[in-house]
Structure formats: structure tokens, C-alpha cells
Amino acid sequence: MSDAKNNLLLFFDRPSEPCFMQKGEENAVFEIPDNYYPEKYQRVSNAIGNRFGSDAGRMIPIRNIALPNLDLPMELPYNEQFSLFVPKHRKLAGRLIDIFMGMRDVEDLQSVCSYCQLRINPYMFNYCLSVAILHRPDTKGLSIPTFAESFPDKFMDPKVFRQAREVSSVVPSGARMPIVIPSNYTASDTEPEQRVAYFREDIGINLHHWHWHLVYPFDAADRAIVNKDRRGELFYYMHQQIIARYNVERMCNNLSRVRRYNNFRAAIEEGYFPKLDSTVASRAWPPRFAGTTIRDLDRPVDQIRSDVSELETWRDRFLQAIENMSVMLPNGRQLPLDEETGIDVLGNLMESSIISRNRPYYGDLHNMGHVFISYSHDPDHRHLEQFGVMGDSATAMRDPVFYRWHAYIDDIFHLYKYKLTPYGNDRLDFPNIRVSSVSIEGGGTPNTLNTLWEQSTVDLGRGMDFTPRGSVLARFTHLQHDEYNYVIEVNNTGGSSVMGMFRIFIAPTVDESGKPFSFDEQRKLMIELDKFSQGVKPGNNTIRRKSIDSSVTIPYERTFRNQADRPADPGTAGAAEFDFCGCGWPHHMLVPKGTTQGYPMVLFVMVSNWNDDRVEQDLVGSCNDAASYCGIRDRKYPDRRAMGFPFDRPAPAATTLSDFLRPNMAVRDCIVRFTDRTRQRGQQG
């Protein structure tokens, strides 16, 4: 049975090549029944079977089953783009997920996959199979290969693929040199936004966004797939943290904080030319010229007819709900927005997911915002153009307007947070616990974080359809930091040991013009670095915590992991949560870039009472190392407090951060120093 489970992963290998061709390290071939072959191959099915089966490393017989009705998923042409933001595509994907989830065992799933893989749009097939593997009880131990392995065309310069085809055809597998991806290939230095392209176009960051939306889909026939613990709040918090991080990166590069996209009638000043090609659609991703305005959509092919005024109506209804602190339900009654669950209700309304309390009334503001922007170059399909990068969760974060749109959405959520009662001492204090200091120790100067460029390699071999087999490595440049430790001095004046929840954040200290931030501005720029629980015994305690253990990030190896390197066998605890573990902020982007002279920031630590924060649950074998932005699979979010606590609410009594401090908190001024040099991955220093 575990063999059949592993066979499912072969469908991710060279996704546009038919599954009767050799797949994976073992050159496995699916032996499919004659009636499964598409019409174009049916007359030669025997010859095909003999041709690819003769030197196969392993033959996989496929059970001939009565196939479900696939008419709906097959409405999306094989060689089109696929977007979860487009309601029609969402409906087709929801039906296919339903079919995959409904197969009675793994053998039947393998059978229907072999039929679908030859006919269904590869992007949609990959997405639906990934969601099914993540959520079926009998496939939970499987590690889905990273999306950049299957579809590298969504993440890098198309020139790389021409070189890769040349290398794989000419050079034998073991002797291939990595192909270098240029770092700045989408714009010149004349474009100020290009200064933060290293963040927007980072492969790991875009993979994080894609994987988060894979783990938290907003549509499926089975509500349990969508209705996960606090998913609406997590939607708010994960994107809020992205905006905080992006704003800090901008200030490190002498740019102002991102301006909200809040006037839907105004032109979008920023243009974006993605320089990406879609291998499935055989088209270049369309650009958006500077000064483009979103216009009413009328695209019958996508079943979209929507006016810009609809966005404005949905927004106004949303603001009205916050003003009234209650949401209108379909039956006309009001659901109060309380301080415990209000943000979760609003998050699901905003996104909007199928668990939105009233989708017909509050609409689909977040998703349709993406759709309007992504079709701004061809709103009525007269030029037969497909959507731009804002229409795909794997590419949206490359575009500067993504951050402008989400800065506005974040602002709307903050309006709700402003209506909540500020935290009092009862919520902030931890009696008998005093944090006397926090500091950073690393390889060099104390309280200094060091950043630089690093070159790493990713294997494109699995995504190179119709080319000779073997690894094809691409080398790309990304930001990296030297690892460091937090050193926290805590004094427990009580008579017994207690468990504390340590919350570590970092924020800039001065704004674009060099003026110190007010507390209200600074709290919105607080970046969560780590959160962990630890015992505090009576007297003085020195607690050291390694940066590599952050609850926010996943290690480099998991962002770019090779599916063949999965720990342990499927079904064991070591592998059981590996797929969920693919969700997390990339560790190489934990620390902002800083500046060559040293960018001033403030490190903040708070110790709260674990007894107030804890969620009673068994976490054995659970992947909880990146729980801050991703939660834990099949479990509750592992912290009862609001996400972003203690900075999620305003504190009118505090004008500066030092006014806000309690005895169980401490701060330390530190600097982030960037050195403009590049090291190879694996080198130290």
C-alpha cells in the first residue's frame, strides 16, 4: 500500500509529460488500460506501451475502474493558465478535489489520476492532487514536492530553461554545471521599486505564499478542508506580517512605506513586467504598464462579469460591519463581532472563503481585488490575454501592487482592532516574573545582526518536460543572515517554577525622515521572530535560544526540499507532518536586509503566563516548528492569545514603546548590518 502511496508522487514529476512515460528516479512507467489513452494516442497505445515499458525500471499496473464524470474539471483547456482567484476555476478545482477525496482507496486514486493527468490542465491537476494528498487520511504521510520543482517556470527567468534544455541534451547527467540565474532581471536600477526586488521575487517567499494557500484553501466541497482552527485570523495575521516585513525592507532601502491602494478609480502608478513564461500555456505572463486603471470586467470565457463599483459596495459593507461591530447574516440577524472571534469572522468574510458568514452580501473583496488587477491589461478579453501575476498565488508577491492592495486590506482589519478595549495589566503582566535584559550574541559585535547575499542551487530536473533525464541545477542569489542566539535574563521572585511563553519581535526605531516612531506606528511594524515556551525556575535564569529554532520559519532544506529526501517512511511520525511543514516563512528571510552602516532596530521580548496561553492538545509527531504563520495540521493554533499579541491592539496610554513596557518585558537597541558580498551555500562567514 505504501508503494501505491509513493506512486502518487510520480504524477508531480515532469507534470506535462504523459504518465505512460518514465517518471522519477527509478524510471517507473504507469501501465494504463487502453481506454485511458486520449484519442490522439489510442491507435498507437500498444506501440507506446512497448516503447516506454521496454527499459522501464519499474512497471506500475493501473486498475481499470469506472471513471467518475470529469466533464466539469475538463472545461478548463489543457494549455490555459489556472487561477484560484477566478471563481469559475475555483469551482472546477473544487469538483476535482471532491473526486480525488471521494476515491475509496489509494489504488483507485492512482487510477483516476492516471486518466486525469493525460487530460486535465497540469496546474489545476497539481493543485487538486496536492490538496487531496494533504487532506486524505490514507495519504497524510506523503511529502508533496515543492512547487518550484514541478513548475520552475513560475519562479525564474525563462532564459534559464533554454540553457537547461541545451545542458540536459548535451552534457551527461553527472557532469552538468549549475546555470546561474541573474539576480536583477525584471527591471533596471532606474526603477526605485527594483531595490526591493530581492524580497518580492525571492523564490522562497513566493513558495511560502503558494504553500500557505495550499494548506488553507478557501474553497472545497468538503467544508472540513477549509474550516480549520482560526483560519480567518491566520489570513489576517500572515498577510499583516508580510506587509510589516516588506515595509521594513523598503525603509532599509531608502524607500517610503508602501502606500495603500484604496482608491479603485485611481491609476496604479507602478508598472510590473514579470519576465516569466508559462510552459503549460506557452505564453509570456502579461505585464502591467505604469498608470494602468482597473476597469469593469466582462470576460465570458472566465464567466466573470463584475463592475468596479461592486468592489466599492463590498468594501463599504465591510466598513459598516466594523462600525456596527456586527455582521449581517443571510437571515437578516446580526452576529456581534466579539474580541475573541471577531477577527476570525472578518478574515473569512474578507478573503472570502466558503465559511464566510454571508458571501452574497459581503462579496469577495480580497480575491476579486486580485482578479481586477490581474486583468487590468485586458478586462474584456478582446486581446485574448490571460491574467497577470496578481492572479496566481505562486506569483502574486512579485508585483509591487500586491503590497499596496494588502496594505489597504490590513488597514481595514486594523479599524476593527482599534474598536477593541486596550490590553490592561491583567492581560500584559506576569506577576513575580521580571525580564532584566535581552541581547543578541553572534559571531561578532554584540547586538548586531549580520546579513549578506548567498548563492544556492535548486534542481529543475523534475519540471523539465520532454528533455533528457537527470538533474539540472540552477543557482540563484538570495538574502541570508549569520545565525545568532537570543540571551534573555529572567528573574522569578515567586517560590515555585512556572512556564513562560517567550514572545520575540523586532521593529525599526525611526521613520523615513529619521523621526522616532510613535508606539502606534511602531507596533504595526513589529515583526515576529520567535515564540516558544520554557520553564522559569525561582531566582535568576539565563535563557539562550538559537535563531535557527524560530517558530516563524522553516529551514532552507524544506523550502527547496527534494521529495526523494523525505525523512523516514510514509505513515511514520517522522514523515507524517512533512507536507504541512512545507508551510513557513523561509529561514533565509528571517532578518531584514539592514544597511551597510547598520540599520537601527529594537528587539523586544515578553514573557507571558503559559497557563493563560496554552492550548491543551497532544503535539506528538506534529509539525509545529513554523506554527506562527501556518498553524499546526489537524490541531488548534498553539497559542490562545490573539495573533500578534501584545501588539495587535492600540495602547492609547503609551506614546512610545518604553511607555508600554511592563516588568515582564525588555527591549534592546540593535543594528542590522548588511555586507555586499556573496557566499556559496554551505560556506561559513
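The backbone N, Cα and C atoms fix where each Cβ goes, glycine too.
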Identify the disulfide partner of CYS583 as annotated in Swiss-Prot; candidates are CYS252, CYS630, CYS670.
CYS630
Taking Swiss-Prot at its word that HIS366, HIS370 bind Cu cation B, choose the one of HIS381, HIS383, HIS406, HIS414 listed for that site.
HIS406
For HIS209 (Cu cation A binding site), the one of GLU351, HIS370, CYS583, CYS630 that lies nearest, given that the recorded positions are compared by Cα:
CYS583
Among HIS370, HIS406, the binding-site residues in question, whose Cβ has the most other Cβ atoms within 10 Å in this structure?
HIS370
When a 10 Å sphere is centred on the Cβ of HIS239 (Cu cation A binding site), how many other Cβ atoms does it contain?
25
Looking only at C-alpha atoms, tell me how far CYS583 (disulfide bond) is from HIS213 (Cu cation A binding site), rounded to the nearest Å.
9
Could you tally the C-beta atoms, other than its own, that fall within 10 angstroms of the C-beta of HIS366 (Cu cation B binding site)?
22
Starting from the Cβ centroid of HIS366, HIS370, HIS406, the recorded Cu cation B site, name every other residue in that chain with its Cβ within 8 Å, sequence order please.
HIS239, ASN367, GLY369, ALA396, PHE402, TRP405, ILE409
Of HIS213, HIS239, HIS366, CYS630, i.e. the recorded positions, those within 10 Å of GLU351 (active site, proton acceptor) when Cα atoms are compared:
HIS366
Given the binding-site residues HIS366, HIS370, HIS406, which lie close to CYS630 (disulfide bond), meaning Cα to Cα within 10 A?
none
Nearest recorded site to HIS239 (Cu cation A binding site) by CA-CA distance, among binding-site residues HIS366, HIS370, HIS406:
HIS406
